[in-house]
There are 2 protein chains.
Amino acid sequence: MALIVHKYGGTSMGSVERIKNVAKRVAKWHKAGHKMVVVPSAMSGETNRLLGLARDITPQPDPRELDMIASTGEQVSVGLLAIALHAEGLEAVSYAGWQVPIKTDSAFTKARISEIDGGRVLADLDAGKVVVITGFQGVDPEGHIATLGRGGSDTSAVAIAAALAADECLIYTDVDGVYTTDPRVVEEARRLDRVTFEEMLEMASLGSKVLQIRSVEFAGKYQVKTRVLSSLTDPLIPLEEEMHSGTLITFEEDETMEKAVISGIAFQRDEARIAVMGVPDKPGIAYQILGPVADANIDIDMIIQNTSVDGKTDFTFTVGRGDYQRATEILNTQVKDHVKAERVLGDPKVSKVSVVGVGMRSHVGIASTMFRTLSEEGINIQMISTSEIKISVLIDEKYTELAVRALHKAFELDQA
Amino acid sequence: MALIVHKYGGTSMGSVERIKNVAKRVAKWHKAGHKMVVVPSAMSGETNRLLGLARDITPQPDPRELDMIASTGEQVSVGLLAIALHAEGLEAVSYAGWQVPIKTDSAFTKARISEIDGGRVLADLDAGKVVVITGFQGVDPEGHIATLGRGGSDTSAVAIAAALAADECLIYTDVDGVYTTDPRVVEEARRLDRVTFEEMLEMASLGSKVLQIRSVEFAGKYQVKTRVLSSLTDPLIPLEEEMHSGTLITFEEDETMEKAVISGIAFQRDEARIAVMGVPDKPGIAYQILGPVADANIDIDMIIQNTSVDGKTDFTFTVGRGDYQRATEILNTQVKDHVKAERVLGDPKVSKVSVVGVGMRSHVGIASTMFRTLSEEGINIQMISTSEIKISVLIDEKYTELAVRALHKAFELDQA
């Protein structure tokens, strides 16, 4: 008998029929003797509908009130799921985040969980109840509802699993696990049986949108055994089969088996590159260039500063494509003359492609294999950025698929 | 400067445009220097949509979970209204019932308010904020959300007004006040400028569905000056005009003006009459007959027991038409033989018509005028029931309109 947390996404909760299927699946686990906590998202489309109502009133609604509104989607879900569990003959009770309570800071629409008091939930579990808890939300120190941002239910589930010292957190989603790369781009992409949370972190941050990145951070920090698996299987498939399906995110490197050097190829389209050329190389220059951009709430991703020549340097960075125009405008009006730059250049049509793997730490030659492969395909590398377990390159967007396929093959990811 | 509570129904909150109009109206009051608390219902149709989802899962959903689900309708409304108030340039903050807190008992789906802590709201008002509070709901001693039942937002508004010692509670609705009778039945029906809360109580309980009856009880118990007025006027009509419109429910009889003897004619269709005939007249017989009916959650309205003849009596009562079949079935199967009744008779097509007025206390002859009027129209009276301020008769349903019109004229309600 274990304590298990299930998380179901909006698609899994998308209709009365699907909610009944979720209840059937949870009932199967409960009947096998497990203590069950379930964290559902809002029914698909509901959060957008609610935010749409608010934005119809005013384009920039108050974040505190947005959270008041958006949090109701999950509250409806937990009530409906509890009712569906009753219909399966189980005792079940639903809680909104504030009822647990799941405590957060006051950063409305992007709050972070600070503390979860698991006492009430554990008492219900001991009494044989299934406990259904709203994802995506908690309560701040002043008693206001605060949401965790898009995808926040993943984080809720993992954080709840951590607080309850759950044996495993199962994230049910409409894909059946984490792949070596996007199967829509590379037909030979393979599902990984396991990845380390660090790899998952890089995958998530690089655009493999299986899990919200903060949930992965939580899983790593609190060592929560987390599994990503499909909610599209028959809810009554044998438990033994289900509990070994999907991809397990581990917080320890598996020493008993030969670990692949590279776990996957991640990529992110819709990037834009901006270069501020011929800037006098003085202390503080990076802040003078990026400060105004960050102040406009534009996320900056890769940053490169070239070695200076004749006291001048080039400064290049990437932003999301949606922010490209605004960012170049800010640079041209507020920054260029101020920092005495020669010119501002840019390319709004670039992609980032990355190879990710903890094995990289102990293997040389990953970078050269990557660069050779791209070179053989005639793909020019515009920028390079590296971390301990990943190498990212920026390329012309039109080569994205070609690059991903070539790298997937070069690192033999199609072979188990 | 006064402390004013506004309550808006689902129709007034039915669309983004209407919510903006509510905000304009509230802003007008706030700008005139009043401290404003607003209690909106869920957007029209929303509560039914939510309950429908739950009933699609299982026909008899758990009441505690139903409340979890249904309470979200008002939570969305308060958030949207707060945002609309911001757009009007006001500071505003929304609270769900549990955040105030509005404390209730644990009778889910029909909870009663036990206590309201107004401290937080008063602090916000002192800081110049408009406070928007969910109607229809509160939180029970264990921290579960509990709703007050259909129309509960009226009760929330009046209870909040009582807790805050508000100067007036304005209930905005899609009718412009309380009428001498239903204007759809009697063209000459007049809007009353004021009614006493006792008259309103009888009117509400007798089917004039302007206000939830518990809200009127609250208004009486805590002497809350409550006004029913139209939400369909231009939100920017002069404040002076608006604050004297509608119908004021007073908790004191107005001694300075000649009071009409009768304030209105109320009526309730969809009643059914059931008679248990020839029952031995023994102590406890009423309980033996009505107990099983009440146990089946069937509301019983009028009750009459005839003087016994030869140790036998007839026992007659009314129920809602929807419960008629179930009630007669219970009587025939569980009661009739047990109490040794001769037979069970019934008529599922009757109406109750009542004359209501505090003036009745000090005037004789109301009953005789009523009975004479009905007699002149050839309408047979099946049952009579009286209270201090009303006389009700049960008649064949097909005479409802005729009876109401004749009584309205007989008591000169068409004349101001």
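Quick reminder: no glycine exception, Cβ is built from N, Cα and C everywhere.
Listed in TrEMBL:
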- B:Lys7, B:Tyr8, B:Gly9, B:Gly10, B:Thr173, B:Asp174, B:Tyr179, B:Arg184, B:Lys209, B:Val210: ATP binding site (BINDING)
- B:Thr47, B:Glu74: substrate binding site (BINDING)
- B:274-349: domain 'ACT' (DOMAIN)
- B:355-416: domain 'ACT' (DOMAIN)
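TrEMBL feature annotations superimposed on the structure.
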residue: B:Lys7; record: ATP binding site; Cβ within 10 Å: 30
residue: B:Gly9; record: ATP binding site; Cβ within 10 Å: 20
residue: B:Thr47; record: substrate binding site; Cβ within 10 Å: 21
residue: B:Glu74; record: substrate binding site; Cβ within 10 Å: 31
residue: B:Thr173; record: ATP binding site; Cβ within 10 Å: 22
residue: B:Tyr179; record: ATP binding site; Cβ within 10 Å: 21
Inter-residue Cα distance where the pair is B:Thr47 (substrate binding site) and B:Lys7 (ATP binding site), in Å: 17
DSSP state at B:Lys7 (ATP binding site), helix/strand/coil: strand
Distance from B:Glu74 (substrate binding site) back to B:Tyr179 (ATP binding site), taken between C-alpha atoms, in Å: 29
B:Thr47 (substrate binding site): secondary structure state under DSSP, collapsed to three categories: helix
Helix, strand and coil counts within the domain 'ACT' (B:355-416) (DSSP): 30 helix, 14 strand, 18 coil
Averaged pLDDT score, the domain 'ACT' (B:274-349): 88
Secondary structure at B:Tyr179 (ATP binding site), reduced by DSSP to three states: strand
Where B:Thr173 (ATP binding site) sits in the secondary structure, as DSSP reduces it to three classes: strand
Per DSSP, three-state class assigned to B:Glu74 (substrate binding site): helix
Integer Å distance between the CA atoms belonging to B:Gly9 (ATP binding site) and B:Thr47 (substrate binding site): 12
Pairwise CA distance, B:Gly9 (ATP binding site) versus B:Glu74 (substrate binding site), rounded so that it is a whole Å: 10
Rounded Cα separation (Å) that holds between B:Glu74 (substrate binding site) and B:Thr173 (ATP binding site): 16
Summary of DSSP states over the domain 'ACT' (B:274-349), given as helix, strand and coil counts: 26 helix, 30 strand, 20 coil
